[in-house]
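Since the structure comes first, as structure tokens, the remarks are kept for the end.
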């Protein structure tokens, strides 16, 4: 009887641990899509014709809202469950790398570009002089799967793997992996939008090739959002990941400043992002490194205090490396130091090397929490989220156990 009780108690605990490991924006997308589906189910709403992506309605009535409503609504329970289960590992990994605000902006950007690509292809097919085909103009598409296909392309490119496994059955080259999934889902599932998924793949490749560089704001834009007083409640959540990490990671392009003689100017002026940033109320200053790799941004780091940010940058980098052990991080080619060394940890800020002076006190507080009976990894995360305050960390740990 005792073993049965332990087994029954293990499943809720594992579910809580799994859900607690999902970062802020990824879990937020899951909650929003699930709540929208439940509301539609409870109120019997099934008029998806009004909210789906329908190219003919977008063109004739300029219903741009369909770009985004079609992403959030789902047609069935299996539809929303499969999409969210596929999104969670992708979104979690990318959010830990990019940061929460940057991932949210990427999802909005991909939703927009997927819809525009879908619309353009549907118009070209419908108006081609050889054989006009109006099916895609009248196809009603809903679901988050288009964005998921874009994230698959980005994550595959970011991982650097030469091959990927398809459902654990066989391996294919990484560049063909999204296309293999596209064909398999088209063959195995019914009512699947081939054009919606294909446009998601095209948008993902366009992002990885740097075609969206000029649509991406500079790091100061994300820093201004993270320092906003209006969003301080969200930003101080334990699973929120800041975008202003110091370690460059990956090979994907991001913001392009448009300076220099060989780079074209941005489609969106630099002062536009600055003006947008100035409208956001600030709660403090945020440190943004000017000397980091201008391509794919630094790995996101957990929340730290703005007043102590300059003195805790190195310890945050060390902690983030330990928290992301399961993602097989890649070191930047310009930084060959082992940032996992718990005793000597240095980072570069504007060309200068800072020695980690706060690691000793952090380790001492961590040992105290472990001695109190808390699990080391959870205690480490709680202590970082509490900005080194042991009393606050204990409250976080007790709330998690409760």
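Easy rule for this one: first residue shown is 1, then count along the chain.
From the backbone N, Cα and C atoms, a Cβ is placed for every residue, glycine too.
No curator has checked TrEMBL annotations; they are predicted automatically.
Keep in mind the model is a prediction, meaning the values are calculated, not measured.
Here TrEMBL flags 21-45, 65-91, 103-121, 133-154, 166-188, 194-216 as transmembrane segment. The region 'Disordered' annotation in TrEMBL covers 284-338. Positions annotated as compositional bias 'Polar residues' by TrEMBL: 305-320. Marked as domain 'UBA' by TrEMBL: 361-400.
Residues 149, 152-153, 156-157, 159, 194, 197-198, 201, 204 of the same chain lie 6+ residues outside the transmembrane segment (166-188) yet bring a C-beta within less than 8 angstroms of a C-beta in it. With a cut-off of 8 Å between Cβ atoms, the residues of this chain six or more beyond the transmembrane segment (65-91) that come close are 22-23, 25-26, 29-30, 32-34, 36-37, 40, 48, 51-54, 57-58, 103, 108, 111-112, 115-116, 141-148, 151-152, 155, 191. Same-chain neighbours of the transmembrane segment (21-45): 72-74, 77, 80, 83-84, 87-88, 91-92, 95-96, 100-101, 103-104, 107, 144, 234, 237, 239-241, counting only residues six or more beyond its ends whose CB sits under 8 Å from a CB of the stretch.
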